[in-house]
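**Q** The following feature annotations were taken from Swiss-Prot:
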BINDING   Arg49  NADP(+) binding site
BINDING   Arg126, Ala127, Ser128, Gly287, Lys302, Pro303, Thr304, Ala305, Thr306, Arg328  FMN binding site
REGION    42-61  region 'Disordered'
Amino acid sequence: MANGNSFGVLFCVTTYGESHGGAVGVVVDGCPPRLPLSEADIQAELDRRRPGQSPITTPRQEADRCQILSGVFQGFTLGTPIHILVRNQDARPQDYQEMATTFRPSHADATYQAKYGIRNWQGGGRASARETIGRVAAGAIAKKILRLAAGVEILAYVQRVKDVEAQVDPSSVTAEQVEANIVRCPDPQAAAAMIQKIEEAAREGDSLGGVVECVARRVPRGLGSPVFDKLEADLAKAVMSLPASKGFEIGSGFAGTYLTGKQHNDEFYMTPGGWRTRSNRSGGIQGGISNGEDIVLRVAFKPTATIRQPQNTVTLNGQETVLAARGRHDPCVLPRAVPMVEAMVALVLCDHLLRHHAQCGSLVLSEVPLPVAAAPQA
């Protein structure tokens, strides 16, 4: 865990591989046994994040076909580590020769060199978004566990590209609406404007950033482990570990700071199924614990660092120079970041679901009388 390549407590994932190495992949440890699982379950999610899927993504062509090497037998998980491998087939390390000695502005080149004294400059190595293949593969397993165990649905979409903002109701948006266009924005009018902006940036050799919003529905109450492992804290860490992420907010987020307590509080009311909240400014989490309402969060992604426009930079030996980067890169990471965000949210929720049942769901203590609060004295 100290090396930063593993994530999770009970549902633990470890990713490996580099952008232009032989393969990338993941080992998932802690998956419950007897879960029906096939390569097709994982492939469906990998296809959503693979490169070359549309004119507004990187032109790199990778099939990203997954292989399950262990942990599954006759279509069911064994409860042992699951190893998933994806081979790289369209690597072009020669496109990155200049990066061997020149740092890309706002990229991990300089900081990896400063930390390790060595780096894989071919496509960014571990700093490449290609590392997220392992996350998405593991997220596919987590999604299936959540769906079968609790009916949880996780759905992300592009909410903003640069200054083009979509109008989306997270409580009613559907997967069909998200996947209806190449930018993965469920607002058709905004999607058309976003695509135009991305195409313009690509023609100019530049890039754009924006915001991905994610909703998790039917999350059981009680997930989260205060005080240091609050659910929103782990969600923030998860999505902020994604490449190019620069901001996180949940529920009302920063906008909530403009409200009073009376305006912001989510009032309770009773239904036949128990208590609910009339609003959801808490974003489905109170006190670090899920409250049963939709979990709604947003992640800000910066513009892609590697661009064809000339930029001032320095070399490995300290010389100032100008770099116009080559290689194949997304002019905007957001369309492919959608399944990445979903995967990281799924990993957190699955881990906390298992942790909750381990702590609170295994022992029956109904025979033990609970203390009753004494009535106040008159």
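Any Cβ shown, glycine's included, is placed from N, Cα and C.
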**Q** What's the number of neighbouring CB atoms sitting within 10 A of the CB on Ser128 (FMN binding site)?
**A** 22
**Q** For each of the binding-site residues (Arg49, Arg126, Lys302), count the other CB atoms lying within 10 A of its CB, then report the residue with the highest count.
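**A** Top count of Cβ atoms within 10 Å goes to Arg49.
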**Q** If I take the alpha carbons of Arg126 (FMN binding site) and Arg49 (NADP(+) binding site), what is the distance between them in whole Å?
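**A** It is 17 Å, counting Cα to Cα.
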**Q** Using a Cβ-Cβ cut-off under 8 angstroms and a sequence gap of six or more, which residues of the chain neighbour Thr304 (FMN binding site)?
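**A** For Thr304 (FMN binding site), the qualifying residues are Ser207, Gly209, Ala244, His329, Asp330, Pro331, Cys332, Val333.
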**Q** Might you list, by sequence position, any residue in that chain lying six or more from Thr306 (FMN binding site) with a Cβ less than 8 Å away from its Cβ?
**A** Arg104, His107, Gly124, Ser207, Ala325, Gly327, His329
